[in-house]
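Here is what Swiss-Prot records for this protein:
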- 1: N-acetylmethionine (MOD_RES)
- 22: ubiquitin cross-link (CROSSLNK)
- 47: ubiquitin cross-link (CROSSLNK)
- 63, 65, 91: Mn(2+) 1 binding site (BINDING)
- 91, 123, 172, 247: Mn(2+) 2 binding site (BINDING)
- 124: active site, proton donor (ACT_SITE)
């Protein structure tokens, strides 16, 4: 699959050429280049742990959903790799118009900076979901169905969760009633699809709910919701300080829950053109102080800095 030599630097340059262009301009890579990105990134994901152990300083981003020009804005504010270390929390494809550019740039950066750039799996990095919500159709329209299957093979090897400096637990969705020790995550074998129930499903699908105690059924029809008591117990047991997750649109791009023990990040401003939400990126410094950079939904706005919370 990697027979023809492919220049990742050249791919990144071409993907970044549209900076400053009118949003929506496409970058059409060669099919063999995209296949190379999938194959090479997949081999890196498999070599690295399914539960990443990362160090601050790092910038964390939530859902992107094919909003490629907003991804470029995030990098403009946070610094293009390798200027900053990054962790993305999943949901790169579907819903937005440019899932292909979005995932290709992220995979290219993963290949170029494997120890400084990390992407987790979201519930949309799953064939049964992105078959329905736009990515399959985009692949079919711009390339072919076989390429969509190549992406599926790559997504099936993405890491599931990350821990930053042993204190900040990151995933796309949330906690699971089945999760008692980190070893359970480490034991999950890849490649794997996302099952309909169980630990892996919950980590990518569950949601916090301030109005409940314990666990409850989820309106999504998948996984569960969990109350502040669940968050508090989990952090105490694991000797951690914060859960950082994505998966839900929040008006300001970030939203705290359970006395600031959990934060939801969402990084696609003006989501789908239907929500008037901001997008946010969380910067974690060496002392684990968290601060937020906000992408306003209005097009030509500057980021505003929001104060964070000091961690021990």
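Along the chain as shown, the residues are counted starting at 1.
Using N, Cα and C of the backbone, Cβ positions are placed for all residues, glycine too.
Where Swiss-Prot records a feature, it is marked here on the structure.
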| residue | record | CB count, 10 Å |
| --- | --- | --- |
| 22 | ubiquitin cross-link | 7 |
| 47 | ubiquitin cross-link | 9 |
| 63 | Mn(2+) 1 binding site | 29 |
| 65 | Mn(2+) 1 binding site | 28 |
| 91 | Mn(2+) 1 binding site | 28 |
| 123 | Mn(2+) 2 binding site | 24 |
| 124 | active site, proton donor | 27 |
| 172 | Mn(2+) 2 binding site | 26 |
| 247 | Mn(2+) 2 binding site | 25 |
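Cα-Cα distances to residue 247 (Mn(2+) 2 binding site) place 63, 91 within 10 Å, out of the recorded positions 22, 47, 63, 91. For the recorded Mn(2+) 1 site, residues 63, 65, 91 set the reference point as the centre of their Cβ atoms, and the other residues of that chain within 8 Å of it by Cβ are 62, 64, 66, 90, 92, 93, 94, 95, 96, 122, 124, 246, 266, 267, 268. Within 10 Å of residue 172 (Mn(2+) 2 binding site), judged by CA to CA distance, lie the following recorded positions from the set 22, 47, 63, 65, 91: 63, 91. When the Cα of residue 63 (Mn(2+) 1 binding site) is compared against those of the recorded positions 22, 47, 123, the shortest separation belongs to 123. The residues near the Mn(2+) 2 site, meaning same-chain residues not in 91, 123, 172, 247 whose C-beta sits within 8 angstroms of the mean position of the site's C-beta atoms, are 63, 89, 90, 122, 124, 173, 204, 205, 246, in sequence order. Ranked by CA distance from residue 22 (ubiquitin cross-link), the recorded positions 65, 91, 123, 124 have 65 at the top as the closest.
Here residue 123 (Mn(2+) 2 binding site) is compared against the recorded positions 47, 65, 91, and the shortest C-alpha distance is to 91.
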